[in-house]
Amino acid sequence: MIFIDACFRKETPYTPIWMMRQAGRYLREYQESRKKAGSFLELCKNSDLATEVTLQPVEILGVDAAILFSDILVVPLEMGLNLEFIPKKGPHFLETITDLKSVENLKVGAYKQLNYVYDTISQTRQKLSKEKALIGFCGSPWTLATYMIEGEGSKSYAKSKKMLYSEPEVLKALLEKLSLELIEYLSLQIQAGVNAVMIFDSWASALEKEAYLKFSWDYLKKISKELKKRYAHIPVILFPKGIGAYLDSIDGEFDVFGVDWGTPLTAAKKILGGKYVLQGNLEPTRLYDKNALEEGVEGILKVMGNQGHIFNLGHGMLPDLPRENAKYLVQLVHAKTRR
């Protein structure tokens, strides 16, 4: 698989490309599947439809990898926190984590309840071309913890940060509990058939450097170290969004570092490129315009050349991006990097 070879810095015929949120609302096929499911959460839980949605971007765009269609919040959901997705607002937990007792009340072994995810993986792997990789994923302990403490997405993360500074033992207990679940969750995804795993630390930038390293990065390192110990042949991709200023403190046992669009690729290459393959980092809104897209691709390839790089966006696809431009991006990257 070209994608897997690239993760391990092996020679590939061209630079592989996939896109975060490549299965999404910009595809009418996705909208049809979502309509059939009835709700976003039901789409995640319906393995037949989730498989359909996982495969759509591979078939339509020609990307080199599929990423499992699911949501990072299925883990806290199965730990016992009731979750709903409110239209135009997003995820909302009906209960939140407020103290040590609420952490202790969370169910252990949530990963055993996620068979709908593992079924999606095995169905997708059966239908996906042998040349294409399937990526599994989860959210980072810190990012999941913020949702569980705030109850929803937040601009300030005030409750989470208040807990971090005034009751760090409560936050640590939650992060520890989540880490153990996530190690087993990703292990079962691998056993079900994914070829690589990615951990999204979407709210990494909410913390100052010292707090980030202690309350987020340390847990990511723990998870990736255990996964590499168990499955050395499976690439681990880490994507901590918005921590470009902390790159000099990044270390650990993983294979690919995801670079967001706000982090200069030159800096990431200089600091991390010798140790890790880099993934990224086209600004997603460049896909609105072909000239802007071409300019962005040119700039990235000038920095990265055609080694030690997986092409991706620096954040997720937006719902109204023109699909033909997404398709063009894949063709352009393949053509410009062909050896």
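Numbers run from 1 along the shown chain.
Backbone N, Cα and C define each Cβ position, glycine as well.
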Listed co-binder of substrate (same site as Arg21, Gln22, Ala23, Gly24, Arg25, Asp71, Tyr147, Ser202, source Swiss-Prot) among His309, His315:
His315
For the binding-site residues Arg21, Arg25, which Cβ has the most other Cβ atoms within 10 Å, all shown protein chains included?
Arg21
Just to confirm: which same-chain residues, 6+ apart in sequence, have a Cβ under 8 Å from the Cβ of Ala23 (substrate binding site)?
Tyr30, Val53, Thr54, Gln56, Pro57, Ile67, Phe69
Separation of alpha carbons, Asp71 (site 'Transition state stabilizer') and His315 (substrate binding site) (Å):
16
Substrate site residues Arg21, Gln22, Ala23, Gly24, Arg25, Asp71, Tyr147, Ser202, His315: biggest Cα-Cα distance, Å?
23
Within a 10 Å radius of its Cβ, which of these recorded positions (Asp71, Tyr147, His315) has the fewest neighbouring Cβ atoms?
Asp71
